[in-house]
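Everything on this sheet refers to the single structure shown next.
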Amino acid sequence: MEGEGFVAASKVNIYEGRVTAFVICTCLIAASGGLLFGYDLGISGGVTSMEPFLNKFFPSVLEQQSKASQTENQYCKFDSQLLTLFTSSLYLAALVASFFASIVTRIFGRKISMLAGGVAFLIGSILNGVAMNIGVLIFGRLLLGVGVGFANQSVPVYLSEMAPASIRGALNIGFQMAITIGILAAGLINYGTGKIEGGWGWRLSLVLAVFPAVVMTAGSYLLPDTPNSILERGQPEKARQMLQKVRGTQHVDAEFQDLLDATEAAKKVDHPWTNILQPRYRPQLVLCILIPFFQQLTGINVVMFYAPVLFKTLGFGDDASLMSAVISGIVNVLATMVSIYSVDKFGRRVLFLEGGAQMFLFQIAIGTLIAVRFGVNGDGELSRWDANILLLFICAYVAAFAWSWGPLGWLVPSEICPLEIRSAGQGINVAINMIFTFIIGQVFLSMLCHMKFGLFFFFAGFVVIMTVFVYYFLPETKNVPIEEINQVWKQHWFWGKYILDEALIGLSRNDEGRDT
């Protein structure tokens with residue numbers, strides 16, 4: 001199709017500089033903010049499958065499991081709104097926090113926002129570990145949500161602004177890598193704490209969240225802020241010095257001038273939340289809404305934060321369900337490495353399209369296997385062979401997500417917005433992500449109970465829709481400097497009509513350079 005969104009290299013400024021050890025280190029430290037989100041995603045499902053935890057806070061769920069065993073309806077073992085509220089309350093808090101985080105990020109800088117997120121997560125993890133009643137437990141979860149909201153809002157923007165265009169994708173995906181490592185670490189910890197005698201292992205699982213919180217808090221305290229953020233707060237000389245340090249060269253005039261132009265445009269915007277609604281920002285607004293919406297409708301969080309519960313529901317034993325979650329966590333980490341290698345080589349679109357096709361195929365396979373073995377009534381069981389095949393299908397699905405919608409769902413929204421709406425755009429991205437993570441987290445166990453195997457076909461249908469959307473409406477952004485992304489939109493067959501010529505930072509200077 002004409003105008004799918006690729007930008008000719010001659011239209012984009014190639015800045016001087018090199019990939020420095022300084023920028024690699026700062027981005028790795030910042031990316032550790034993903035550990036917060038990942039650890040919680042992984043720990044929640046494991047804890048909610050532990051009987052001592054359920055007995056203390058959700059005894060009705062144990063009674064329901066007993067009834068399900070008597071009726072042999074495997075789909076409805078864990079259907080409890082109070083239990084899902086424990087898991088999903090974090091994401092509701094993260095939703096609210098993301099709006100405040102966007103303001104903090106813009107006014108005080110990315111670093112302060114990351115620091116605030118680390119402190120909130122630290123306090124919340126301690127409260128969860130010592131909770132004696134459901135009120136303290138939920139309050140701790142809400143504080144964890146504040147931490148996740150601030151971290152998810154600020155870290156991807158920080159990474160996209162710090163990284164050189166040539167490896168921006170790989171460094172930004174460091175955030176998703178930290179999420180996957182957090183999920184895997186949580187799975188291993190759950191497997192170990194589930195064996196502790198005395199029924200207090202769940203406390204250890206929850207309180208160990210202090211470690212990613214400490215990493216995030218200490219790391220953000222030590223990190224410098226981005227040149228874009230420093231300049232946005234009116235310190236041009238300091239911003240130039242930071243840019244020179246980040247790029248490893250004194251010759252940063254072209255890139256610094258683009259940052260100045262972007263900052264001048266940003267200064268004309270008093271209210272980015274209303275400004276992003278203007279037609280000229282229609283491409284960014286639509287993508288910042290639909291990408292996180294589609295990311296959650298892949299169904300991945302069904303697998304990731306309910307993995308042990310899901311495996312247990314489908315007939316895996318206690319140890320087997322936790323170990324299966326660990327295996328899928330390992331696949332998640334390894335597949336994310338594939339994305340880091342390929343995102344700046346093959347581009348964002350290729351990974352989106354391949355990942356979508358693979359997710360669709362294996363969701364259909366998962367739903368079909370469950371349908372054959374459990375039917376509509378939930379009567380049945382998995383043989384050892386069936387269980388291994390199901391785990392293989394789930395791992396193939398997780399791998400596809402981990403090198404496509406997982407990392408790119410955070411990367412693309414953080415790199416497509418001009419400076420004047422970047423904090424608002426990322427705030428919308430996080431808010432939409434958390435809204436639908438909350439909704440899916442709250443209704444999944446009920447959906448599994450009522451839709452049964454059809455739930456996986458439901459998500460497969462959305463994967464088809466999002467893959468078609470990417471093919472027609474998402475332009476390629478690899479190797480394009482972050483302040484020149486509007487040139488990509490201008491050349492797109494559909495979005496080009498929304499982009500004003502005056503928004504094309506750096507283009508006129510590039511044309512002048514070719515004329516001389």
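Here the Cβ of each residue, glycine as well, is placed from N, Cα and C on the backbone.
According to TrEMBL, the features are:
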- 26-478: domain 'Major facilitator superfamily (MFS) profile' (DOMAIN)
- 19-39: transmembrane segment (TRANSMEM)
- 90-109: transmembrane segment (TRANSMEM)
- 121-150: transmembrane segment (TRANSMEM)
- 170-192: transmembrane segment (TRANSMEM)
- 204-223: transmembrane segment (TRANSMEM)
- 284-310: transmembrane segment (TRANSMEM)
- 322-343: transmembrane segment (TRANSMEM)
- 355-376: transmembrane segment (TRANSMEM)
- 388-406: transmembrane segment (TRANSMEM)
- 426-448: transmembrane segment (TRANSMEM)
- 455-474: transmembrane segment (TRANSMEM)
If you count every Cβ pair below 8 Å, which range out of 170-192, 322-343, 355-376, 426-448 shares the most with the transmembrane segment (455-474)?
355-376
Look at every Cβ pair spanning the transmembrane segment (170-192) and the transmembrane segment (388-406), keep those 6 or more apart in sequence, and say whether at least 3 of them are under 8 Å.
yes
Does the transmembrane segment (121-150) make contact with the transmembrane segment (322-343) through 3 or more Cβ pairs under 8 Å, each pair 6 or more apart in sequence?
no
